[in-house]
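Asker: Before we start, here is the structure in question, set down as structure tokens.
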Amino acid sequence: MSSSPDPFEVHSPAPVAGQPVADNPYAPTTHVSDEMLATDDVEGFRKKHLNHEASVRSVGLLYMLGACVMVPIGAIVMLGVFVGDQPPQDSAVQGGIGAIYLGFGVLNGFIGWGLRKLRPWTRIAAIIFSAIGLIGFPIGTLISAYILYLLLSEKGKVVFSPYYQDVIQQTPHIKYKTSIVVWVLLGLVLLLIILGVGFAVVGG
């Protein structure tokens, strides 16, 4: 005895060879990405990276401080070429040194500005400068190693990403504060500058 067909039964079309089977739109989601979770809580995502962001921006102050020191020194040294009475060979050497100081000072200023604005291109430039700065043992090594950690870490990659720029625009009410570590580094840099000027005056 055959049973009568159920009038409420829904028959799915048989799959056709060579065509992918469509996913069930009503099937439950089994995976939620980290990005989806982050966008659901923008403020929490910003606060999670805020200390790192503040440290990176504060490192920009170190570069801008270096620019404020190197640019005037380079300008004064180059000016001495035209004011002083010395052999042409010495003038060429002095002018070259002044140009190097001036050029690096301007470059430091651009890098510092870029770090303050979290520009992606600045991250690469600062990594190169910090890698070179590792040879300045011991203080230069410590400062450069700390900067490399900030830039190469996972959070460092995030804060320079376009996505994080969008997060900042969505959370203007969240403000960052300069890291205590950076204040210590600023103090060390200022101390080195004062000692360098002092030795130059005494030696002169």
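Using the three backbone atoms N, Cα and C, a Cβ is placed for every residue, glycine included.
Heads up, here are the entries from TrEMBL:
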type: REGION; residues: 1-25; note: region 'Disordered'
type: TRANSMEM; residues: 61-83; note: transmembrane segment
type: TRANSMEM; residues: 95-115; note: transmembrane segment
type: TRANSMEM; residues: 127-152; note: transmembrane segment
type: TRANSMEM; residues: 180-202; note: transmembrane segment
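So that I understand the layout, could you describe where these features sit and how close they are to other parts?
Answerer: Sequence-distant neighbours of the transmembrane segment (61-83) (same chain, 6+ residues past either end, Cβ-Cβ under 8 Å): 91, 94-95, 97-106, 108-109, 111-113, 115-116, 126, 143, 147, 178, 182, 185-186, 189-190, 193.
Sequence-remote contacts of a segment are chain residues at least 6 beyond its ends whose Cβ falls under 8 Å from one of its Cβ atoms, and for the transmembrane segment (95-115) they are 56-57, 59-67, 69-71, 73-81, 121-122, 125-126, 129.
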